[in-house]
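As recorded in TrEMBL, the features of this protein are as follows:
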- 1-23: signal peptide (SIGNAL)
- 64-180: domain 'Putative mucin/carbohydrate-binding' (DOMAIN)
- 196-254: domain 'Pesticidal crystal protein Cry1Aa' (DOMAIN)
- 232-268: coiled coil (COILED)
- 267-327: domain 'Pesticidal crystal protein Cry1Aa' (DOMAIN)
- 297-344: coiled coil (COILED)
- 342-400: domain 'Pesticidal crystal protein Cry1Aa' (DOMAIN)
- 386-416: coiled coil (COILED)
- 482-556: domain 'Bacterial Ig' (DOMAIN)
- 561-640: domain 'Bacterial Ig' (DOMAIN)
- 645-724: domain 'Bacterial Ig' (DOMAIN)
Amino acid sequence: MKRNQFKKLVSTVTVASILGTSAATPFDVLMNPVQAAEGKQTTNNLANIQERSSQQGMNFLYTFRGYSDIIFSTMEVSIENMKAQIATRAVQPHNNFSTMYASMNIQSPVGVNKYTKTIAGTTMLSANTEQVDLSIGDFITTYHREYSGGTGRLKIENTTTKEALATKETIIYMVTADGLVLVSGAEKATIITENKARDAVNGLFENHDPNANIMGNLTQEDINNTKKLIDAVTDTTKKAELQADLNKAQEQLDNNKAEEKAEQERQIAAEKAVNELFQDNDPMTNTIKNTTTEAFIDDAQKAIDAVKDTEKKVELQVQLDKAKELLAEKNEAAAEKAKEEEVEQAVNELFKDNEPATGEIKDIATQQAIDDIQAVIDTMADSAKKDELQANLDKAKELLTEKNEATAEKARQEAAENSIKDLFNDEDVNGTIKETTSQTTIDNAQKAIDAVTDQAKQVELQTQLDKAQAQVDARTAISGNVAAYTEGELYITGTYTGAVTGLSVDVNGKRYYGGDLKDGKVKFYVGDKSLKAGDDIILNLYDASKQIKKSLPVEVIAPLKVAVADYKIGDNYLVATYNNPEIAKVGVIVAGMKYWGGEVKDGNVKFYAIDKIKNPNAEVTMNFYDANNNLLASQPVKVSSTFLEITTANYTIGASNITGTFEGDVKKIAVSINDTKYYGGTLAANGTYKFYALDKKITATDTVIVYGYDANNGLLTQKTVTITE
């Protein structure tokens with residue numbers, strides 16, 4: 001610690017000392033007022049220190065007078081503002097004293113000069129004003145050669161109470177929070193000695209607090225120098241207090257030194273642990289020893305974690321992280337090598353004599369075993385080794401596929417042979433077929449033969465099946481039926497019995513092959529043939545010898561069309577027409593009630609309805625059926641009332657209304673003008689109506705129509721309006 005660190009002000013300590021409120025006060029050695037005034041030997045008894053602080057006030061004035069009582073200087077001391085203002089006048093203080101006539105000195109609590117001024121009597125002064133910052137505990141010392149006697153030329157006054165303070169040739173006052181305290185030179189020396197010691201002790205600690213930690217740069221020399229200052233303190237109690245605080249600093253310093261030593265040892269241990277992980281005990285080799293393990297690295301990590309010096313810890317951690325990285329790479333390489341050896345062994349064990357060169361696999365070479373090995377090969381890093389092992393594994397895969405295919409082919413051949421034998425009595429493929437043998441069982445045997453891949457074996461089996469097919473064909477005649485074809489349909493359809501093996505369709509003499517045969521049903525695509533009613537269409541059925549055994553004419557009919565005439569209440573019959581010869585029956589539904597009957601013949605329908613349709617608002621539907629009661633078409637019937645008609649409709653240009661007459665059950669009317677429809681108008685019981693049209697601005701060239709509706713908004717009648725000018 002530098003010497004100037006001992007020179008800090010301790011104003012708070014000084015105030016506390018004067019007021020007797022702190023165990024650290026340095027003022028217990030101050031003398032009493034009488035002893036101070038007489039300048040006697042100091043004592044250790046200053047119990048009445050506060051009584052000596054009678055010079056209380058916020059402002060004090062020092063007045064310095066010279067020859068003929070002329071004022072040559074003043075000093076205003078403000079406790080309130082903690083300022084001292086020294087004013088010097090441009091005069092000669094005295095004409096008889098050429099040496100020091102007066103002086104002013106302000107010192108800090110530890111004796112550091114803040115302000116000093118010496119005035120010779122015969123010197124011509126310059127006018128000026130000076131200002132000094134004060135602190136609690138500062139000492140103000142003044143000297144005046146003619147302070148008293150007949151001249152009394154030094155005056156110190158409490159400007160608040162107008163009370164004069166004691167004066168003498170050399171007099172010392174100490175600044176307190178309440179005013180000024182008179183002290184002797186010995187007292188001042190004692191106070192400064194204790195203040196220096198206290199300031200030095202406090203300066204050993206952070207924030208000048210003896211209960212805090214010591215300064216980071218504290219040395220034993222600093223403590224020794226402080227000890228010398230404490231030794232100069234005469235008050236044993238104060239000295240003990242100071243020594244106790246100094247002991248705290250010494251203890252912390254000793255502990256810090258011990259910790260520094262321990263930290264040094266920790267760093268050495270950590271550095272040694274890290275270095276020994278590397279080749280030649282040198283991290284710069286960038287190579288770890290063969291003996292380096294995860295355990296050694298963990299131990300080195302613990303040693304680094306114990307280091308407290310952040311910079312050193314970071315340095316060591318970087319080196320350890322490198323060792324970790326190198327060990328991870330080493331372990332990874334070892335693991336990869338072990339994996340390669342393990343996979344190579346697994347691949348070899350798939351083959352006879354554990355040797356891929358034999359070209360034969362063992363029975364243990366299953367798909368699961370190969371898949372497991374493949375999964376490991378996929379993770380290998382060494383591409384060359386990976387390719388080598390993959391080639392051998394692919395050979396095993398190929399051999400397994402061949403083995404499985406041979407096994408499967410054998411099973412397919414056995415299945416086909418058994419299915420053919422099952423067709424014959426006593427399983428004799430050269431004999432007669434069983435009574436239960438049918439086209440279905442032959443078709444199933446054919447599927448089994450088709451699955452065989454060995455062509456020679458397939459031909460052999462097919463020859464045997466053909467013998468069975470011939471016997472079934474001889475036993476079952478080919479026959480069939482074909483459905484009528486409606487224009488626009490995609491397929492000709494039908495059914496068959498017997499050993500039908502193929503199809504063709506003749507369209508106006510041109511033959512097309514194809515179609516599907518399945519479960520006794522025929523389906524032949526003709527969506528691209530544009531068949532129409534009147535075309536000559538024939539469906540041909542073939543046997544196994546590819547000969548036509550049955551030809552079936554196909555009826556082509558136009559798409560189903562039905563039309564039902566409107567029905568007027570009172571008519572005897574509902575009438576309709578149709579174009580499909582399959583229509584054989586009709587039914588009528590009136591308001592939910594179903595009725596059967598009517599005459600259906602040659603494309604015309606006549607159905608007695610006068611007793612069934614009586615309400616013009618009833619919902620009526622006519623249904624068309626084939627002979628098997630399958631619904632082929634439905635058509636709603638429009639029903640109107642008897643004698644419904646708008647009989648007249650007239651309008652004169654500029655008139656307010658279109659007018660006219662109507663007959664029948666008209667309930668509502670509407671008008672359209674050039675196809676724009678308007679609803680409204682009124683209907684009278686006498687059969688007349690009117691519709692307001694003045695705002696429609698009708699002209700002679702407009703097309704105007706009046707419409708009549710029933711209560712359900714059903715259109716019954718309409719009439720074009722006659723327009724006149």
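Every residue gets a Cβ built from N, Cα and C, even glycine.
Mean pLDDT across the domain 'Bacterial Ig' (561-640) comes to 91 in this model. Mapped onto DSSP classes, the domain 'Pesticidal crystal protein Cry1Aa' (267-327) shows 46 helix, 2 strand, 13 coil. Residue counts for the domain 'Bacterial Ig' (482-556) by DSSP state, with H, G and I taken as helix and E and B as strand, are 0 helix, 43 strand, 32 coil. Residues 340, 343-344, 347-348, 350-351, 356, 359-361, 365-367, 370, 373-374, 377, 380, 445, 448-449, 451-454, 457, 461 of the same chain lie 6 or more positions beyond the ends of the coiled coil (386-416) yet place their CB under 8 Å from a CB of it. Across the range of the domain 'Pesticidal crystal protein Cry1Aa' (342-400), the DSSP-based residue counts are 42 helix, 2 strand, 15 coil.
Secondary structure counts, DSSP: the domain 'Bacterial Ig' (561-640) has 0 helix, 45 strand, 35 coil.
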